[in-house]
Amino acid sequence: MFDFSIVTNWIHEMLLSVMPEGWAIFIECIAVGVCIVALYAILAIVLIYMERKVCGFFQCRLGPNRVGKWGSIQVICDVLKMLTKEIFTPKDADRFLYNLAPFMVIIASFLTFACIPFNKGAEILNFNVGVFFLLAASSIGVVGILLAGWGSNNKFSLIGAMRSGAQIISYELSVGMSIMTMVVLMGTMQFSEIVEGQADGWFIFKGHIPAVIAFIIYLIAGNAECNRGPFDLPEAESELTAGYHTEYSGMHFGFFYLAEYLNLFIVASVAATIFLGGWMPLHIIGLDGFNAVMDYIPGFIWFFAKAFFVVFLLMWIKWTFPRLRIDQILNLEWKYLVPISMVNLLLMACCVAFGFHF
């Protein structure tokens with residue numbers, strides 16, 4: 001498996017040979033930022049197009065098919081239309097909070113991307129508390145949502161923001177405990193070590209029943225954290241027009257829309273990394289020839305294939321189940337998912353303590 005750290009170290013040494021270390025680090029940070037923005041733009045276009053096609057498939061229709069081959073340029077046209085729209089600020093809104101909220105939401109998505117390993121040696125931050133950093137950074141987004149509801153000075157926006165805040169804060173518990181269940185199995189919170197620990201088998205298979213339960217709970221709770229159906233009540237059109245982004249237009253609305261799909265991909269990426277081996281290829285013990293063939297497939301292809309598989313599962317859930325009421329959403333979390341997650345965490349601890357795992 002190719003190690004991308006060889007390339008990054010070579011670039012770092014080359015820059016150090018022609019300039020001071022401070023300038024070299026500054027240029028590297030700029031390059032990383034440009035790469036992240038480019039990746040974000042590509043992911044947004046692909047995910048929105050994929051959502052429309054998957055939705056059309058489940059509803060027995062074609063989806064976008066007019067602009068470009070198979071409607072492939074429709075998303076780009078929508079982006080250009082959004083860029084040309086006026087950014088309108090309500091007269092009675094708190095201008096500072098109103099304008100700050102979209103940036104808070106998008107910054108939270110940027111930060112969570114930092115510790116996800118796309119390939120061996122291809123992660124921005126690789127440190128021993130990567131799981132804690134991920135959970136902490138992802139919780140910043142709820143602050144932006146609450147600021148959007150309050151700063152808009154609109155009762156529908158405020159109700160949507162309060163619903164979203166209660167929902168996200170509640171489901172973060174299940175997400176955290178599902179991830180910690182797998183941390184107990186591996187014994188580390190560093191994402192690169194978690195992936196390398198799955199060289200001889202993915203955790204969803206090595207962890208037995210507790211790993212499968214944690215994966216299912218993570219998918220449900222992760223979907224709820226992204227405010228996607230059937231947990232999209234904070235922006236229910238029939239009740240709250242558009243929820244906390246009712247008063248937003250132009251690229252301010254675009255930031256919220258973009259953050260939803262980026263958070264969807266982040267949830268899928270974390271699931272692929274922790275449960276499905278990340279960039280690690282599929283290996284079956286005893287089949288050396290098969291394992292050698294799998295090693296020829298680049299790691300980033302494995303990573304994105306697994307991530308988009310999880311994205312498809314989450315889209316399948318959204319377009320299959322009806323929207324839940326707010327009391328049903330919170331009952332599902334506090335009466336079912338949290339107790340099951342706690343028991344599952346203890347069960348995994350017992351499995352590790354007594355060696356009941358592969």
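Note that Cβ sites are derived from N, Cα and C of the backbone, with glycine treated the same way.
Sequence annotations record features per position, and here Swiss-Prot assigns transmembrane segment to 30-50 (among others) based on sequence analysis. Tertiary neighbourhood of the transmembrane segment (30-50): same-chain residues 64, 71-72, 74-76, 78-79, 110, 113, 124, 258, 261-262, 264-265, 308, 311-312, 315, selected by CB-CB distance under 8 Å and a gap of 6+ residues from either end.
Look at Swiss-Prot and you will find 96-116 (among others) tagged as transmembrane segment, backed by sequence analysis.
Distant neighbours of the transmembrane segment (129-149): 97-98, 100-105, 107-109, 111-112, 114-116, 157-162, 164-165, 168-169, 172, 175-176, 179-180, 183, 189-192, 225, 234, 244-245, 248, 256, 259, 263, 266, 270; these residues of the same chain sit at least 6 beyond its ends, with a Cβ under 8 Å from one of its Cβ atoms. If you look up Swiss-Prot, you'll see 129-149 (among others) marked as transmembrane segment, on the strength of sequence analysis.
Taken from Swiss-Prot, the feature transmembrane segment applies to 168-188 (among others), supported by sequence analysis.
For 201-221 (among others), the entry in Swiss-Prot reads transmembrane segment.
If you look up Swiss-Prot, you'll see 265-285 (among others) marked as transmembrane segment.
As annotated by Swiss-Prot, transmembrane segment applies to 297-317 (among others), with the evidence given as sequence analysis.
Look at Swiss-Prot and you will find 336-356 (among others) tagged as transmembrane segment, backed by sequence analysis. Residues 171, 173-174, 177-178, 180-182, 184-185, 187, 207-211, 213-214, 217, 220-221 of the same chain, all 6+ positions outside the transmembrane segment (336-356), place their C-beta atoms under 8 angstroms from a C-beta of that stretch.
Of the candidate ranges 168-188, 201-221, 265-285, 297-317, 265-285 has the most C-beta pairs within less than 8 angstroms of the transmembrane segment (96-116). Of the candidate ranges 168-188, 265-285, 297-317, 168-188 contributes the most Cβ pairs within a distance under 8 Å of the transmembrane segment (201-221).
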